[in-house]
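Asker: Mind looking over this structure? Questions follow.
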Amino acid sequence: MPVSAQQLAADLEIFGLNCEKAMIDKLVELCIVYGQNEEGMAGELVAFVSTHKVNLTPETLCSFEHEFLSKRLSKARLSAPKDSGHAGARDIISIQELIEVEEEEETLLNSYTTPSKGSQKRTITTPETPLTKRNVSMRSPHQLLSPSSFSPSATPSQKYNSRNNRGEVVTCFGSAQGVSWSGRGGVGDISLKVLGCPEPLTKSYKFMFQKLSDVREVLTCKIEELGIELKEHYKIEAFTPVQVPAQEPVTLLGQIGCDSNGKLNSKSVILEGDREHSLGAQIPVDLSELREYSLFPGQVVVMEGTNTTGRKFVATKLYEGVPLPFYQPTEEEGDFEQRMVLVACGPYTTSDSITYDPLLDLVTIINRDRPDVCILFGPFLDAKHEQVENCLLTSPFEDVFKQCLRTIIEGTRSSGSHLIFVPSLRDVHHEPVYPQPPFSYTDLAKEDKKRVQFVSEPCSLSISGAVFGLTSTDLLFHMGAEEISSNSGTSDRFSRILKHILTQRSYYPLYPPQEDMAVDYENFYTYSQLPVTPDVFIIPSELRYFVKDVLGCVCVNPGRLTKGQVGGTFGRLYLQRQPVAGEGRRSPCVAAQVVKI
């Protein structure tokens, strides 16, 4: 039934509210959008004005819509039956889509008519200048993302906007001095291939069904597999059971553990033997004879020492782990041209705002520098954000995430850059299990399918033959809290932890995991092992950013795009595969920087 502007004005006059024609027209529009009649809308508006003790102005109408009507619509959508036959009230995203469809139809009609002599609003379409679908690539990212549609308090962060160190380079690696950081927007033959061990994770799986016996089986297999590699590398004759007394030095294989529920220390270390030699038995370890060591719970080690009583093992030597070989690319996997890769990790909003200003700034940088590949780590909608924790958003988490993705994909379309999306356990809308399946996004336009790729967490990705190890889990923080060391030759804690990850050949070698980690060990064994030693390892963390060369692998912590209420950092790299020559392997990462947003 049509809404009468005269009736609406008459209903408001009963309560002493006189409105201008423009405001009456706006109220008629709100009646249509939110499915209200004249009497109901007048009553709601009078109640809102009386409660907030404000005058009726255009600004009051905006507040009325965002603070009251949007919330009411959200509740109505949740309580409405899913199989209702009518369209019902629409949210702001669906309204935007309707507007775009109308614009398409109007444009189609205009193409069959003679343009007037007056001002022409649309570009004339010719074979030389074809009209792209919806002409979306010409729209600003600010038009694509509307925080007010999902948050009643979408005010920009003052601290973030007042920062004065934008674009400052905070750390460098390689020949980065004087380099002009710009790519070619994905032009040319770029090969993107996900590597698996034995296969990559491409879809969701059932979790929360694992048995303790299955977890034990996975841990046992890990001990035995690494034990075989260490035995062959160091030419060890045989391993001795951990509880068999011996007067001569013996060599034991096992996994480091803690004798209590507390934090590991030098007095609480135990060695849990493998199944083949020790039947999983445990023995306390005395580290007093070791001059230097670095240990953490879950680490598979080979130790040499004495075990005279069978009740305590005195370690005298700790064998170092052995990393996997590097990937050998084929001739079909790209060329030797220089490529630029940009990496950034969420959150993409500051802690005091949900306006996604840092994300919009990053989209601007991508369009300016046109990197060949952009690797974007979650969280895209952070489960730790105050407005998410307090349930203040008026739209479902999935809708906010889709609007965020749409902003990135359509906002960077003009750059031509390839986009790689890596999920995070902090993505509030996604499955909180490790390993984590890729995002599911069915609204991808046909023109974007070749340049957008969704991968799992963790993931090994080959970019024109250069292998990237990708993980959004803060493994540096998790392992740094558990690792113990003494007079280690590697004094840098980050380098020690990174070396452990590479030599343990796993994206998450810590056991037991952090309390907030839900690990499915059956899929962990299949999808979370390193297939090769990566050429570049991207490991974002809350800890300080860095770029380091560890065992020939360039390890980058680009930091997070936001740090609380202020701006954070992102990373950029130059790749150039070197022809294989007699002088041995050279890293394909020729330069890297970490930059302030």
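From the backbone N, Cα and C atoms, a Cβ is placed for every residue, glycine too.
Dumping what TrEMBL says about this protein:
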DOMAIN    6-71  domain 'DNA polymerase alpha subunit B N-terminal'
COMPBIAS  110-138  compositional bias 'Polar residues'
REGION    110-163  region 'Disordered'
COMPBIAS  140-157  compositional bias 'Low complexity'
DOMAIN    216-321  domain 'DNA polymerase alpha subunit B OB'
DOMAIN    341-548  domain 'DNA polymerase alpha/delta/epsilon subunit B'
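What's the neighbourhood like for these features in this structure?
Answerer: Taken residue by residue, the domain 'DNA polymerase alpha subunit B N-terminal' (6-71) breaks down under DSSP into 52 helix, 0 strand, 14 coil.
Residue counts of the domain 'DNA polymerase alpha subunit B OB' (216-321) by helix, strand and coil are 22 helix, 40 strand, 44 coil (DSSP-based).
In the predicted structure, the domain 'DNA polymerase alpha/delta/epsilon subunit B' (341-548) carries a mean pLDDT of 93.
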